[in-house]
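Here it is: the structure, laid out below.
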């Protein structure tokens, strides 16, 4: 024990004390370490970076808020302008979707005294008789109502393109019928504006059944309109609620009409051209069309072209500002301020109070041209000096003189123009082989052989036999006619078109054959394959093998226009159109002077069809190759063949054309489809005027009786003449003798020269083998082929050949009016069709 005076010493750790390693945080220090070292001092550089970063973040947030606020204000401004004093009247189209629904009763309630509006009966929209203007001082709004008949599908679609709202009149029990559902399919595919659902007859039901009826009707309508509200319209109070809803509902923006100024004709007059003007224009039956209406969408410029739906493109000469026929006086006793009379204010009043003022006249130097096609120079690309090869060929031709019989007195120059019969027949064969429809060549050959047989049967030597056969046919016809049949069957057969039935059966057989054996064709026996398929070539790889898009272009390509960069041009033109602020502004009531208009336009207006004008963007009158991405409509069950004439509704345009179908892929080459596929999107290529997307597209097929059926819907894809569409044919052969890796194949060709011609093309089989032709055996089309693996006896040898195809130039801007639609019942069983 230590002494009392001694202090106790602390324990010191020895050398064997455990020491843990410090955390290795690399060269980076923590934030707390940095703050402890700096002791509150902050570097100037660090402060600047921090502030800059925070400011950038706040600037982005403020900018996003400003853009959101500006966009919201713009939408509210457009909504408040519609139907107000400074904007165009609210255009409402009333459409009945059921044969039992009465659209006239709806318009009668809307213009009744109980709705509180002032009706302008003299307001006539174009040739539409059941139309009127309605002013509501209570809501400070004005409306234009149109009652459309769904029988004319063209008029319905034209008005739906520019209408601000659609009022669908439904049946209280079934909502809509089959034709109403067909109309809705067309309207949804085109682009549906704001709409409201109206039904009548609910008030006539007992009180206990009203709720159940409305619930059942809502369950039917929610399939097409999941968020729409159903308005009963039986009293004037219901009409007032509907008008308030129409004026306050949210407007749906359609891209293809918001980027272009458009106008629905309110009043139309036609003045024929004088004889001097007709002689100068080179055409008769033309005149000046004066169309009055409200400008909608973008400002309307006088130097731009206008398109009249269904009639074509035209030029404007001037724009006038007549008095507004539908003025909105907020307070009748309130005098107008003299210092704020603008272009819109000066239009208020009657025709006697305010004269018509000319707003602008077209400048011939600045007005856009109506040229739709490029000028074709037939000598473009021709050589003016012969090459050495051509000189040598000419020298050999001069040495090898042909001997031919010519009339007496014929000179050497005249003799060179005389063609032998053999050469003439050879030229005809070559031209027929170059035809675009190479698939129909075999059918044409069969028909020719049948025709030869018929000619042989009419040989003079066999006259007696033919007379006997004719007598037998007459007897059979008399016996057939004498038989009595049921009256219902007779009436059914009277309305049947036998030629259309035979054509439909032929198309069904072709579609089924193409589905079972895609692109397979038979090698003709009487024509050499190297001549029959001389325009086709083989590809090592459809994906990676090159194909020059400027190679062997048809003559029609010299008539079209092409952009260096279509997408860049589209963005520039749409941006310039959005920034334009000159011309007749949105909401003005103007009169357009359209020059050189045919008298058929006025006849269409007088027949009761609405007249719709739209201002075209630059280059939209020029022809090019347009591509449309479509889906086959579920209601269509008939096969649609490529190059078949269809009716197009593309944006505001309506035309007829013969398109080609191709697959929608991202490659540089696209395989042609012989039929419109029901299970995949298809690209439709057609010669048509340039249109800048977005724009909805509808494809109709016209029946032989004049009725048009909706076959496909989609949207505009692009404008690209260099899009390569390749048509594929498949030649098939069968293995005759099979060794380990080689096999003798027959029935693909029938002579030795054809085998040597197609020898470089790669072969494939249906079971995945690949190979090539090694040599020809004999002279009847047998060939020895080598494959990457042994073939099986049930396998089939195939050869793919390709050629580039183009649409047919059958563009026609004049579409005949459609007849009332009738639901077509299809009872053809394709599985039972005879494929022989």
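From the backbone N, Cα and C atoms, a Cβ is placed for every residue, glycine too.
In TrEMBL, annotation is done automatically, which means it is predicted and not curated.
In case it helps, TrEMBL gives these features for our protein:
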type     : residues : note
REGION   : 1-87     : region 'Disordered'
COMPBIAS : 18-30    : compositional bias 'Basic residues'
COMPBIAS : 31-40    : compositional bias 'Basic and acidic residues'
COMPBIAS : 49-71    : compositional bias 'Basic residues'
COMPBIAS : 72-87    : compositional bias 'Basic and acidic residues'
DOMAIN   : 88-252   : domain 'Bms1-type G'
REGION   : 413-495  : region 'Disordered'
COMPBIAS : 419-457  : compositional bias 'Acidic residues'
COMPBIAS : 466-481  : compositional bias 'Acidic residues'
Using Cβ atoms and a strict cutoff of less than 8 Å, what residues sit near the compositional bias 'Basic and acidic residues' (72-87) while being 6 or more residues removed from its termini?
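For the compositional bias 'Basic and acidic residues' (72-87), the nonlocal Cβ contacts are 140-143, 164, 247, 250-251, 328, 330, 344, 586-587.
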How about long-range neighbours of the compositional bias 'Basic residues' (18-30): same chain, 6 or more residues beyond its ends, C-beta under 8 Å?
37
Is it possible to list how many residues within the compositional bias 'Basic and acidic residues' (72-87) are helical, extended or coil according to DSSP?
10 helix, 0 strand, 6 coil
Quick one: mean pLDDT on the domain 'Bms1-type G' (88-252)?
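Average per-residue pLDDT within the domain 'Bms1-type G' (88-252): 83.
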